[in-house]
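Novice: Dumping what Swiss-Prot says about this protein:
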- 1: N-acetylmethionine (MOD_RES)
- 6: deamidated glutamine (MOD_RES)
- 45: phosphoserine (MOD_RES)
- 50: deamidated glutamine (MOD_RES)
- 52-162: domain 'sHSP' (DOMAIN)
- 70: N6-acetyllysine (MOD_RES)
- 90: deamidated glutamine (MOD_RES)
- 99: N6-acetyllysine (MOD_RES)
- 101: deamidated asparagine (MOD_RES)
- 107: Zn(2+) 2 binding site (BINDING)
- 122: phosphoserine (MOD_RES)
- 123: deamidated asparagine (MOD_RES)
- 162: O-linked glycosylation site (CARBOHYD)
């Protein structure tokens, strides 16, 4: 007999304020004062974190937008330079890979690596894809959508990452 395991009522009720820490990406970012408050962190659950003080785009989490005329991905890669990033399109997917070797920072030595894969909508014009890195470390991958009668063209190719001198205009939803 299968038994459904449910969280206690207070965890279910406060779920939106304490999202799961399973997918946290705050490696090496340090602690905030609210991380150290025992009545907020340990009484609810060690697997939940208060996320009211961080914006989605400031946390390393990507934002994907797909409207009528374009497809855009915003990704915070502030710890990487354009030389550390590889963006390629393979069939219906865009793959973004970032890696920098061990380097010294304020607290010792650190190396970072990530790999993201996103499915492209079938009507994105793959010959007009672009990718840029803003001065504040926001990677913007975008491509226009084509009308339904045209072929979007699917092949594997690398997309160069260009550097912008101004900060990103991505909203911090």
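Just so you know, glycine gets a Cβ as well, placed from its N, Cα and C.
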Novice: Would you list the DSSP helix, strand and coil counts for the residues of the domain 'sHSP' (52-162)?
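Specialist: Across the domain 'sHSP' (52-162), DSSP assigns the residues as follows: 9 helix, 60 strand, 42 coil.
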Novice: Which residues in the same chain, at least 6 apart in sequence, have a Cβ under 8 Å from the Cβ of residue 101 (deamidated asparagine)?
Specialist: 111
Novice: Where the distance is taken from Cα to Cα, which of the recorded positions 70, 90, 107, 162 turns out closest to residue 99 (N6-acetyllysine)?
Specialist: 162
Novice: Out of the recorded positions 70, 90, 107, 162, give me the one sitting nearest to residue 123 (deamidated asparagine) by CA distance.
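Specialist: Going through 70, 90, 107, 162 one by one, the Cα closest to that of residue 123 (deamidated asparagine) is 70.
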Novice: Measure from the CA atom of residue 122 (phosphoserine) to the CA atom of residue 70 (N6-acetyllysine) and give the result in Å, rounded to a whole number.
Specialist: 12
Novice: Could you check which of the recorded positions (90, 107, 122) sits closest to residue 162 (O-linked glycosylation site), going Cα to Cα?
Specialist: 90
Novice: Please report the distance from the Cα of residue 90 (deamidated glutamine) to the Cα of residue 107 (Zn(2+) 2 binding site), rounded to the nearest angstrom.
Specialist: 38
Novice: Among 90, 162, the recorded positions in question, whose Cβ has the most other Cβ atoms within 10 Å in this structure?
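Specialist: Of the recorded positions 90, 162, the most buried by Cβ count within 10 Å is 90.
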Novice: For each of the modified residues (122, 123), count the other CB atoms lying within 10 A of its CB, then report the residue with the highest count.
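Specialist: The largest 10 Å Cβ neighbour count belongs to 123.
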Novice: Counting other Cβ atoms within 10 Å, pick out the least crowded of the recorded positions 70, 99, 107.
Specialist: 107
